[in-house]
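Taken from Swiss-Prot as is:
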type	residues	note
TOPO_DOM	1-12	topological domain 'Cytoplasmic'
TRANSMEM	13-33	transmembrane segment
TOPO_DOM	34-369	topological domain 'Lumenal'
CARBOHYD	N66	N-linked glycosylation site
CARBOHYD	N96	N-linked glycosylation site
CARBOHYD	N109	N-linked glycosylation site
Amino acid sequence: MQVTFCRLRTHQWCFILFNVILFHALLFGTDFVEEYFLHSLPYIDVKVLEIKNKARKLNIEPLRSNLSKYYVLSQSEICKGKNIFLLSLIFSSPGNGTRRDLIRKTWGNVTSVQGHPILTLFALGMPVSVTTQKEINKESCKNNDIIEGIFLDSSENQTLKIIAMIQWAVAFCPNALFILKVDEETFVNLPSLVDYLLNLKEHLEDIYVGRVLHQVTPNRDPQNRDFVPLSEYPEKYYPDYCSGEAFIMSQDVARMMYVVFKEVPMMVPADVFVGICAKFIGLIPIHSSRFSGKRHIRYNRCCYKFIFTSSEIADPEMPLAWKEINDGKECTLFETSYELISCKLLTYLDSFKRFHMGTIKNNLMYFAD
């Protein structure tokens, strides 16, 4: 009887252990597959070598001498004589000064991490309203951190915005080792991100890293805002690309992209445009699951100390998150593992709820019609 009881207990423990291992495998297996298997095959041909050569010999003087042709506000001297480790370009809407102020008080206030200089600037297009433009001018005079391109800041012009800001980085901040493109809705853990980049310092070239999206199909619905005609992009799938909420590229990649901008179709989403440019120059996007992509990561301290970004973070949540990840309290391996599991589960639940609510809304609209 005692032996049978012991055996049953052993079997129970084995069953529990098996389920724990299976749970972790299912939870983190997707990230593992993304990290190691969802990459395009690298290639280097004569054309790619020519692009690299053009990028090295790039003459930026015509752009520098015609500032008013491209930018309303340029901050053209802000990088002069400085060696910047990370240039953060925060893509912001012209009328969202409140959000910019909040970022300036939190993660955007960082000027160095582990002694490595950080420069944070806001990237804008032109507003429709003259009043908003006057407010932006005042904000720029006060903070000296706004770049404003000469194009209307609209959803249709986000590719133009990407081009203008990469162009700015190449022309006016050529000593920046890395360039972070990030949306204003996104929270960034700069200490964690810089620590990751420091491990890449021996490989400063060909860096294009973020949450990589694989086998995304172009939208062929003419009624949809993101419609892409076959004449613009005839392939079945887009090339792998980094989700546009946040990604990083090295300075040499920015220069190569500047060279090929005019050869790439523009009637695609902005982040896809960057991915097509990357393919054009023979570049493989590097995936990291620590970039959240479109997803909002539910807040807890140890989780936010580990990840690089979280999208759609609310205004009240941002100061709390920034304060707690900088409180000096380190997380143990157990705490980090446990809270990462919690974060991931809650994020999946939130995604499911949004999908479910979206389905209900679509059905209601269908019956209303």
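Glycine is no exception: its Cβ is also placed from the backbone N, Cα and C atoms.
Feature annotations (Swiss-Prot) mapped to structure.
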residue : record                      : Cβ contacts under 8 Å, 6 or more apart
N66     : N-linked glycosylation site : none
N96     : N-linked glycosylation site : E184
N109    : N-linked glycosylation site : T120
Average pLDDT across the topological domain 'Lumenal' (34-369), rounded to a whole number: 88
DSSP on N109 (N-linked glycosylation site), three-state: which is it? helix
Quick check: in three-state DSSP terms, what is N96 (N-linked glycosylation site)? coil
